[in-house]
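Trainee: Would you mind keeping the following structure in view while I ask a few things?
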């Protein structure tokens, strides 16, 4: 009986894809009281101690646990995804801009030391977090929405759903809510116990980046130039502050004259740093391919935006996306899956924070 149980467990091991099934399997093995098992085959006898088997089993277990899965919370917290979706929908109904903010939070989290929820951490005496980094200061937002989601999840499934996973799901749900594409969100990330101001300052792309800088920054994270262009399409929603595009509308020549003139009305050459303009001036709260159409018309808001279509190597890709929204959606979805897979903490690494702003026990 014990042998049959063990062989069954080993045969089914590769199909384990959730913590709940792992727990179930471990319970079955524990209850079997296996200390030693032996196998006889063609007159050869093999004795393997439980200790040897156990450590080999743990090695395999670590590999399985480290894999993300879209079904990670199916048994652990069945209502997790619906809770997140409901909260995101409510937030966007109150302010359409919030969808872009939640998508940006996920991107800015993943691009700095992986998708680990580090962007959500407040400063402590032990480290200065990422919120005050140049690309984030007075810019990233949506923290209150994440807090609301976390509070709801903790009341239903205490200590189960990570802040990093909340960011990933909220980004997806925001895109869908604003008319965009869908993708399979992989889950099972854990949360970091630290954050890095210096990493955020050095690794996040700047709105003043040239094309070569953008290609290099994304290449460092494993993305091709084409995938970089697809992800840049997220600028079809959201706003930018005057301070990030002032130089472009007053000094650059690769910009539609009427477009620049209209922007100057709300972004003076001095002052008004926090005044906002839509990244997509056509339908800035709808996730579509108008961003690329704008670039072709020299109506990119940021310097880094227009660099994608400026007689360079990415012109053809931008043009393709401007003509075919389905192609853009498909490539964006694939790139977002890749984004969500950037160096996640899994298994016993990190923790599942009970408050996304603070590490546990602080």
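Numbers here mean position along the shown chain, with the first residue as 1.
Cβ coordinates are placed from backbone N, Cα and C, and glycine is handled just like the others.
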Trainee: For the Ca(2+) 2 site that TrEMBL describes with 280, 288, which of these is also annotated: 236, 243, 244, 327?
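Mentor: For the Ca(2+) 2 site that includes 280, 288, TrEMBL also lists 236.
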Trainee: Near residue 163 (disulfide bond), which binding-site residues out of 112, 114, 116, 118 have their CA within 10 Å?
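Mentor: 116, 118, listed in sequence order.
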Trainee: Which residues in the same chain, at least 6 apart in sequence, have a Cβ under 8 Å from the Cβ of residue 115 (disulfide bond)?
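Mentor: Non-local contacts for residue 115 (disulfide bond): 106, 109, 164, 167, 168, 189, 339, 340, 341, 342, 343, 344.
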Trainee: Compare the Cα of residue 112 (Ca(2+) 1 binding site) against each of the disulfide-bonded residues 157, 242, 267 and report the nearest.
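Mentor: Out of the listed candidates, the nearest Cα belongs to 242.
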Trainee: Taking the center of the Cβ atoms of 109, 112, 114, 116, 118, 130 at the recorded Ca(2+) 1 site, which other residues in this chain have a Cβ no more than 8 Å from that point?
Mentor: 108, 110, 111, 113, 115, 117, 119, 192, 195, 196, 199, 200
Trainee: Just checking: which of 235, 242, 267 have a Cα that is within 10 Å of the Cα of residue 116 (Ca(2+) 1 binding site), counting only these recorded positions?
Mentor: none
Trainee: Taking Cα atoms as reference points, which of the disulfide-bonded residues 77, 157, 356 is nearest to residue 110 (disulfide bond)?
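Mentor: Result: the closest of the disulfide-bonded residues to residue 110 (disulfide bond) is 356.
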